[in-house]
Structure formats: C-alpha cells, structure tokens
Amino acid sequence: YKLSVSPEMDIMEYCRKEWRGNTPVAKRMRKGYEAVAQKFASIRRIRGDNYCAFRATLFQALSQATQLPSWLQSEDLTMLPESLLNKYDWIKQWQLKQKPGKKMGEISDEIEEYLILLRKKWKNISEIKDPTEKQEACDKLFKNEEEEYSLYEALKFLMLNTAIELYNDDKNGRRVPVFSWLLFARDTSSNPCQLMHNHLNHIGHTGGLEQVEMFLLAYALQYTIQVYRLYKYSTDEFITLYPNDPEEDWPVVTLITEDDRHYNIPVRMCQETML
C-alpha cells in the first residue's frame, strides 16, 4: 500500500532534507524552494508512478473546487465515448490501465462510468464547505486506488477528445492555440490517432506527461496549471503557465517540479500572499 499524496511537510525542511550538498544544482534547487516558500508554507509529495502530473493536478483542482465546472455538467459528457467511437474506429485501440488488452469496442461503457465517477466526485467534494472536511474527502479519494485510476482514465479520454477538437479546428481553418501545432508537429503524434497510440496509451504505463501534453491537460480541464520549475530558477521559465495565455475565468492550480517529470504540490498559501 503506497500513499498517493503524502502528508504535509514544511517546504524548507523538505528542501534541506533533499538538497544537502553544495553542488550548483543543489544551490539552485534551494533558491527555487525559497522562492516557493514565499508563497506557500508546505509541500505534499505525490506518488511517482507516471500518473503524477494527473494526480497532482486533479488533487489540487478538487482541493479547491467550490463548484462543478460547466463542461462536467454537460449532458453530452457521458455520450462522449460512444459518439467518438462512432466517428473514429481507431479509438477501439484505447488501452485501459486496469484492463490491458481489452478493446475499446467493449469498454465505451466503462469509460462512460469513469466520466460519471469524475462528475460525481467533483460535485460531492465541491459541495463541502468546511476546508478541513474538504481536505479529508480528497485524501480519502486518493487512497482508493481503483477509483483514483478510473479518474485518470477519464482525464486521458478528455485529453483525447480535446486533441480531436483542436485537430479538426485547425484543419477547418479555425484558430487554435500554438501548443496544438506543436502537439501535432511531433513525428509520433501527427494526428489524434497517433497521439493515442504513441502517447496517451502509454501514460501511466511507461511514461508520464510531456510538456506539450501538460497544455492539453489544461485545455481538457479548462484550468490553468501553474508550475514552479525549480531547475529553471532565475530564468523566465521558473514559473511556467499551461496554457501561457490562459482564459481569465479558468481557475488556477499550482504544482512544483524539479525536472519536468515528477510533480509535487505546494499547499497552505502564506497569509500575506492571500491578502
């Protein structure tokens, strides 16, 4: 049994434990953590199993959720697996984490269940007014492995849906965000089918999210993901936003990374920052 999200720890205490040496890298990491500590008091470690970007983002989103996002309220949400399958036969090759080898044709019902679960959990947690109770509900959800992985499966599917929409918009001459060109400029994902085969199907198994996929996740959730990239301290990429031109009304979640591969979360905003 592994904790998905470890208990809070003082940020600078964590930093001193992790980065003791006097190498240039250790010094830079310490400076980075000091900068984060100006805004946040604590850090929570996220379990690293190639789902950590999903885990960190979703945990932060649910921890501060006060309402159900409009896209989760939409009636069409649960119809999504079936309607996409009817248009794109290749989606049958979708790989489920819990059921490798099971073909998508048989599992559109399961993806529908995962989307319904995502809506239900988000709704329940967003309705909890007391911050301590809300935190406890999040902790409990991220201790239930089966539910947790079902939610990531829902997120992956929402990313695929978003990628298909962006790809079609671009083909039809509509404006798309710059990251969408970058996403489909890769040899391994020149269209949504390749994106699914070579990237989305592997997330959680053999790899995590690449940077351009962080943009896709942000668009799928309609959230701005703000990341402190500690190894980029003292450059203009130290705090990176996905997307970098966010919609004004998108909520913001904050993550920390030392290497763009593993993500942890800062918690407890310092009082003066909140004012």
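Cβ atoms here come from the backbone N, Cα and C positions, even for glycine.
Over in TrEMBL, the protein carries these features:
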{"type": "ACT_SITE", "residues": "ASP49", "note": "active site"}
{"type": "ACT_SITE", "residues": "CYS52", "note": "active site, nucleophile"}
{"type": "REGION", "residues": "206-212", "note": "region 'Linear diubiquitin binding'"}
{"type": "SITE", "residues": "GLU237", "note": "site 'Linear diubiquitin binding'"}
{"type": "ACT_SITE", "residues": "HIS262", "note": "active site"}
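Location within the structure of each feature annotated in TrEMBL.
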{"residue": "ASP49", "record": "active site", "Cβ contacts under 8 Å, 6 or more apart": "GLY204"}
{"residue": "CYS52", "record": "active site, nucleophile", "Cβ contacts under 8 Å, 6 or more apart": "ILE46, GLY208, HIS262, TYR263"}
{"residue": "GLU237", "record": "site 'Linear diubiquitin binding'", "Cβ contacts under 8 Å, 6 or more apart": "ARG229"}
All-chain count of other Cβ atoms within 10 Å of HIS262 (active site): 17
